[in-house]
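Sending over a structure as structure tokens; questions will come in a sec.
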Amino acid sequence: MAPSGPGGVRRRCRRVLYWIPVVFISLLLGWSYYAYAIQLCIVSMENIGEQVVCLMAYHLLFAMFVWSYWKTIFTLPMNPSKEFHLSYAEKELLEREPRGEAHQEVLRRAAKDLPIYTRTMSGAIRYCDRCRLIKPDRCHHCSVCDKCILKMDHHCPWVNNCVGFSNYKFFLLFLAYSLLYCLFIAATDLQYFIRFWTNGLPDTQAKFHIMFLFFAAAMFSVSLSSLFGYHCWLVSKNKSTLEAFRNPVFRHGTDKNGFSLGFSKNMRQVFGDEKKYWLLPIFSSQGDGCSFPTCLVNQDPEQPSTPAGLNSTAKNPENHQFPAKPLRESQSHLLTDSQTWTENSSNSGRCKAGMSNPALTMENET
């Protein structure tokens, strides 16, 4: 086998280094289990009832923490479906034509039947030069993964993965259960921390573990509470981290609340319709990740929606099994709770995204 070049060696080294934060969290979690379950509950606690209650509650939180963390790490980010990729002939035309009207016409023809409503800051179709595809709404190119990610929120080094449509719910639950895990440890460890601090308990091997465990749990509780609170706010507004920093641009212009459907509908966009799955790291988000219902406050173009009959979710996001195309819907200027989304055969058909498109240019977003 031919030796790999310097570029291949660097890529492999980077891939190894990217796992360091995950290994750190895993080692810290393993030590916290030993410190709490063994040194605190079994060695230091004298009351049997207290031991049983603390161990049962701790193992429940520990299991949910590990489950959600695992799902966040190993759920593959979803990429745009084939319909957003340019055909071989279209790619050849783009390579032959200069960056002029002929070049733009190729993109115009490719995008006219796609359910896309967001644009670049200049009003052009969002196109990725590296992936050679037209970006779906809320899709962005990750420079670390070097691919376009559906509804990308951010690339998280602590999970060594892109957080997007396929695993955003898992990421939220990971934050929630890790926060509860740290708060529970800090609360139940506090009295023993004070007793060791005031020399109320003899110096033993457990002293270091119990005291350091409290400091670590309290420190992580503070940082996790702010991060979890921020993402709860994002969910309530139906925004991603990228959209919070840069408002999405639609055909009519910038609209910071363009995807907000109201608190209840925003929650269901992420957690799904069946509340029994909300607290479990099981995929239940609405939609297919390629098109999203919008609430346009400045203009009233036709928008894709998810009617009741098509409200099925992609049960296996890793396999890219998307539900049927959403029907089009003419929405009012403000989407209210009194609106009902019903399937109407007279309204069905493809949304013609290219009817009022401005001149198209290329976008290279990393």
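Glycine too: its Cβ is placed from the backbone N, Cα and C atoms.
Feature list, courtesy of Swiss-Prot:
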{"type": "TOPO_DOM", "residues": "1-15", "note": "topological domain 'Cytoplasmic'"}
{"type": "TRANSMEM", "residues": "16-36", "note": "transmembrane segment"}
{"type": "TOPO_DOM", "residues": "37-47", "note": "topological domain 'Lumenal'"}
{"type": "TRANSMEM", "residues": "48-68", "note": "transmembrane segment"}
{"type": "TOPO_DOM", "residues": "69-169", "note": "topological domain 'Cytoplasmic'"}
{"type": "DOMAIN", "residues": "126-176", "note": "domain 'DHHC'"}
{"type": "ACT_SITE", "residues": "Cys156", "note": "active site, S-palmitoyl cysteine intermediate"}
{"type": "TRANSMEM", "residues": "170-190", "note": "transmembrane segment"}
{"type": "TOPO_DOM", "residues": "191-207", "note": "topological domain 'Lumenal'"}
{"type": "TRANSMEM", "residues": "208-228", "note": "transmembrane segment"}
{"type": "TOPO_DOM", "residues": "229-366", "note": "topological domain 'Cytoplasmic'"}
{"type": "COMPBIAS", "residues": "297-316", "note": "compositional bias 'Polar residues'"}
{"type": "REGION", "residues": "298-366", "note": "region 'Mediates localization to plasma membrane and recycling endosomes'"}
{"type": "COMPBIAS", "residues": "332-349", "note": "compositional bias 'Polar residues'"}
Tell me which residues of the chain lie with their Cβ under 8 angstroms from that of the residue listed as 'active site, S-palmitoyl cysteine intermediate', as long as they are six or more apart in sequence?
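In sequence order, the residues whose Cβ lies under 8 Å from that of the residue listed as 'active site, S-palmitoyl cysteine intermediate' (at least 6 apart) are Thr72, Cys162, Val163, Phe171.
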In the same chain, who gets a Cβ under 8 Å from the topological domain 'Lumenal' (37-47) while lying at least 6 residues past its ends?
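Same-chain contacts beyond the flanks: 54-55, 58-59, 188-189, 192, 201, 204-206, 209-210, 213.
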Residues sitting near the topological domain 'Lumenal' (191-207): Cβ under 8 Å, six or more positions beyond its termini, same chain?
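Residues 39-40, 43-45, 214.
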What parts of the chain pack near the transmembrane segment (16-36), using Cβ distances under 8 Å and only residues at least 6 beyond its ends?
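Distal contacts: 58, 62, 65-66, 69, 73, 144, 157-160, 185, 189, 209-210, 212-213, 216-217.
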For Cys156 (active site, S-palmitoyl cysteine intermediate), what is the secondary structure state per DSSP, taken as helix, strand or coil?
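Cys156 (active site, S-palmitoyl cysteine intermediate) sits in a strand per DSSP.
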So how many of the residues in the topological domain 'Lumenal' (191-207) end up helix, strand or coil by DSSP?
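The topological domain 'Lumenal' (191-207) comes out at 10 helix, 0 strand, 7 coil.
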